[in-house]
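Enquirer: Structure incoming, see below.
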Amino acid sequence: MQKIGEGILTVLKLSINPFKFIGTKCKKIHFAFKGFFDLIENHQIELNYSPNERVTGFTNLLIACLCILSFIVVIFSKTRGSHNLINKIWMMCFDITLSIGATLGFIVHGLKIPGGIIGGLWYCLYLFLLVALMFRFFQAFWDCNKKTCLWMTPFLIILAYIHLIACWKYDTFLYIGSYAILFGFIMGITQLVFIFTRNSGYVLHLIADFVALGAFIFEATNFRFEDWDQNGFFHLGICLYVLMSTFAFVASLPPIVDRKERELELKEIKGIEDSFEYQKLPESVDTVN
């Protein structure tokens, strides 16, 4: 408990005065990317020798491909109204940032990267994963209610920043998981409330969130099956989550009525109203007489 308390205090101190700490990490990120591009130019890129790491890397690549597919589906989905448009923007931002994070995951796991530059790539990976989670929570809370999103925005940003400092300080994925589980739990409760009080359409989103939660819990185990470890199965869970979230988003969009069809509907409605008034007219005349 004492070590945990000291760790929390260290992270909070760095969060209050982060300039020197962040500057050092940014230099490492710059050095890492420079070294990685040098490897590409010199044709020194090789696959990782470890089978487990290769599986983890390629499942990361699968996530990136599905995120790109999801982005294409979402960007071509027709929306109506500002609420659905902003919801669509959050979803696209989530797909972009997660695809970048997953690509970085493929690089650090699937490829043989020298120890001198891999640390900076990990720092960048932590950043994109946290930003992707933040966009996902923005989208979920906005989809439920604008006020809920506005209330949760400062907490999402501040805690994402603190968790990023913790990830960079202790170089571990643990704090990304804690951020995901914390706000995922709040998001799940919010969606349950809206399912029972307003709209049952959030059920698909809720099921997808449970899949992601199960994947994060599974990540904490030491399960192995041949060349697959918990990381590979975790990434399969995230793949399923991306597919389900995309399907839930598209299914939640209201149907777009074609302009000509809408004009015809309005004419039919007007014609029915006119005929109804015409039928009523003789009765009103008789009543006056």
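Heads up, the Cβ atoms here are built off N, Cα and C, so glycines get one too.
The following feature annotations were taken from TrEMBL:
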- 57-77: transmembrane segment (TRANSMEM)
- 89-111: transmembrane segment (TRANSMEM)
- 117-137: transmembrane segment (TRANSMEM)
- 149-166: transmembrane segment (TRANSMEM)
- 172-195: transmembrane segment (TRANSMEM)
- 202-221: transmembrane segment (TRANSMEM)
- 233-257: transmembrane segment (TRANSMEM)
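Show me how these features fit into the shown structure, please.
Expert: Here the transmembrane segment (172-195) has Cβ contacts under 8 Å with residues 126, 129-130, 133, 137, 140-141, 144-145, 148, 152, 156, 159-160, 163, 166, 202-203, 205-206, 209-210, 212-213, 216, 219-220 of the same chain, all six or more residues outside its ends.
Counting only same-chain residues 6+ beyond the ends of the transmembrane segment (202-221), those with a CB under 8 A from a CB of the stretch are 140, 143-144, 173, 177, 180-181, 184-185, 187-188, 191-192, 194-195, 230-231, 233-234, 236-238, 240-241, 244-245, 247-248, 251-252.
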Enquirer: Six or more residues out from either end of the transmembrane segment (89-111), which same-chain residues have a Cβ under 8 Å from its Cβ atoms?
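Expert: Counting only partners 6 or more residues beyond its ends, the transmembrane segment (89-111) has Cβ contacts under 8 Å with 36, 45-48, 53-54, 56-58, 60-61, 63-64, 67-68, 70-71, 74-75, 118, 121-122, 124-125, 128-129, 131-132, 135-136, 138-139, 142, 231, 235, 242, 245-246, 249.
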Enquirer: Please figure out which one of 57-77, 149-166, 233-257 racks up the most CB pairs under 8 Å against the transmembrane segment (117-137).
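Expert: Counting Cβ pairs under 8 Å, the winner is 149-166.
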Enquirer: Residues sitting near the transmembrane segment (57-77): Cβ under 8 Å, six or more positions beyond its termini, same chain?
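Expert: Beyond its ends, the transmembrane segment (57-77) has Cβ neighbours at 47-48, 88, 91-92, 95-96, 98-100, 102-103, 105-111, 231-232, 235-236, 238-239, 242-243, 245-246, 249-250, 253.
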